[in-house]
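TrEMBL has this to say about the protein:
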- 1-20: region 'Disordered' (REGION)
- 7-20: compositional bias 'Basic and acidic residues' (COMPBIAS)
- 63-83: transmembrane segment (TRANSMEM)
- 103-121: transmembrane segment (TRANSMEM)
- 133-152: transmembrane segment (TRANSMEM)
- 224-243: transmembrane segment (TRANSMEM)
- 255-275: transmembrane segment (TRANSMEM)
- 370-390: transmembrane segment (TRANSMEM)
- 410-431: transmembrane segment (TRANSMEM)
- 452-473: transmembrane segment (TRANSMEM)
- 493-514: transmembrane segment (TRANSMEM)
- 535-558: transmembrane segment (TRANSMEM)
- 578-598: transmembrane segment (TRANSMEM)
Amino acid sequence: MTTKQVRNSEKMLGTHDHDNTPSWSLGRCISSVKMEPTLRNLPRAASESLHTNPKKKRGGWKAITFILGNETFERLAVFGLFANFMVYLTRELHLDQVTASNILSLWFGITNFAPLVGAFISDAYVGRFRTIAFASFGTLLGMVVVTLTSWLPQLQPPPCSPEELASGKCVRASNSQMGVLILGLCCLTIGSSGVRPCSIPFGVDQFDPTTEEGKKGINSFFNWYYTTFTMVLLITQTVVVYVQDSVSWKIGFGIPTFCMLCSIIMFFMGATLYVRVKPEGSVFSGVAQVLMAAYRKRKLRFPMSEEKQEGSFYDPPLTGTTFVSKLPLTKQFRALNKAALIMEGELNPDGSIVNDWRLVSIQKVEEVKCLIRIIPIWAAGILSLTSIAQQGTFTVSQAMKMNRHLGPNFQVPPGSMSVISLITIAFWLPFYDRFLVPKLRKITNHEGGITLLLRIGIGMVFSILSMVVAGMVEKLRRDSANSNPTPLGIAPMSVFWLAPHLILMGLCEAFNIIGQIEFFNRQFPEHMRSIGNSLFSCSFATANYVSTIIVNVVHHTTRTSSHPDWLTNDINAGRIDYFYYLIAVLATLNLFFFIFVARRYQYKGSVDFNDETHQLELGSHKP
């Protein structure tokens, strides 16, 4: 587009000098201008030659074998180390349960926020292969340090009997001993920040999505990824926890550390087979460009007629070799649309942008809108995850004060009780996918049976029910323990009384967590999906911080002169049931907020880049 063409267009459509606003020119639609192909975060474009040249062919299932092996050992290591960590902190380091719960919540929170940093560094600077490689060594170093706290007597407090521990007479770990433990946790956080955001995208990089074989490979990779994930959780929550609880903490921590070493070996064994996508920059700069351009043009006015608006926005065609969703211009958050308004001198003769901080495409504007729309939904999902965080803290404390015998010689480890939730998910998901969804699809004419937001909402309801049932069971357990006092405070009540609320929590995860994962992946633009996965990790991080705040507030405000606080170390004297009811009330209020924002949410609309008719797929029909 030439300057003369821009000026002629301006004369035809007029300016708004009478409003004392800067004049802007309305050029013809830029989509008709031929532009040089550019990369839009398309991983295959960066390594296309690796797929087309037989001598350099990489990726595929040969590479995936090593990636899945690496991921399996890595998750087995990390989850195995921390599956029973609450018990380790209270029983071996002699921390009270509030302090132990706060340490876990804070660490889990930081660890779930860290992937945002790792995703940025990977996409902008070093790439996924190097990020996973460096982060894996950080994880191994952290696991070695944490394992040493169980091996070296200098890193442990003096031993004491279970009776002394129950009466609170044990010497807790010193500040220096806790400092070593926290150092190990920090190294693990650094490792998680690189592995978590890059593991799934790195596996997808190994397939060419432009081919049918590649598309099938990606689908199979996801199936195998989550299959191994479930297997790892079952192993860590049973075998590893049993070794830690009943055999030896040294061996129980040593096994995960050895698995992490195997993970690194597996990863580098396939180094010559991997497709390595070069970093292409971060999406954060694009968001900043949209906001800056919209701010600079905040005083501009839109054309009055629809006809004049058609050629006034910068809307170049999408280029590339893979599937890309072209987002249509929407009226929601209309002020941001000004960032795409074309002013005189903002385009080069070939149709390219002169300054990315003054003019952006409609595509970039709509991507920022996607982020804005998702934030309220993301915020509403946080409190619903707070109840899930209790599985690794107070549920374990309850299990330690119940009859855990299965036969005369075997006791169920307290940290293994969450297996009930995993089994619930394993049975429910096939039933839901194969039987319930087809039935619902006939009724609702919706491809998923129900919308994603409805699925998340149902999960929130199960979360509330889980906390109510947990409170009722805790009251029965507490009354039973106080009516039948023993030196260790064990209630003559089977630990499997915890099963009802854990089953409800499993249904909460099946609806809420999986619903959120699918929601973020569908509603984020394609090249922002890694950020979407990181955002879901941030949900867990914030949920852990919220849990920490609630625990501390309850701990410091519920103590009276005649009664200890609800979360006192002796749970038979405390009122954990009241704590569960409090979470249920907060979750109920959060449910109302979620319903409010969900009813106003506008699903992402898209134009299929590969569809010649460019028919608009309405967001309300594409959740």
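From the backbone N, Cα and C atoms, a Cβ is placed for every residue, glycine too.
Proximity of distant same-chain residues to the transmembrane segment (493-514), defined by a Cβ-Cβ separation under 8 Å and at least 6 residues beyond the stretch ends, is recorded for 381, 384-385, 387-388, 391, 395, 398-399, 402-404, 412, 414, 417-418, 420-425, 428-429, 432, 455-456, 458-460, 462-463, 465-467, 469-470, 473, 476-477, 480-481.
Of the two recorded stretches, the transmembrane segment (578-598) lies close to the transmembrane segment (370-390), with three or more CB pairs under 8 Å once pairs fewer than 6 apart in sequence are set aside. Outside the transmembrane segment (224-243), and at least 6 residues removed from its termini, the chain residues within Cβ reach (under 8 Å) are 64, 68, 71-72, 75-76, 79-80, 83-84, 200, 203, 251-252, 255-256, 413, 415-416, 418-419, 422, 425-426. The stretch from 103-121, 133-152, 255-275, 452-473 that makes the most Cβ contacts under 8 Å with the transmembrane segment (535-558) is 103-121. With a cut-off of 8 Å between Cβ atoms, the residues of this chain six or more beyond the transmembrane segment (452-473) that come close are 377, 381, 384, 387-388, 390, 395, 497-498, 500-502, 504-505, 507-516, 518-519, 522, 576-581, 583-584, 587-588, 590-591, 594-595, 598, 601, 623.
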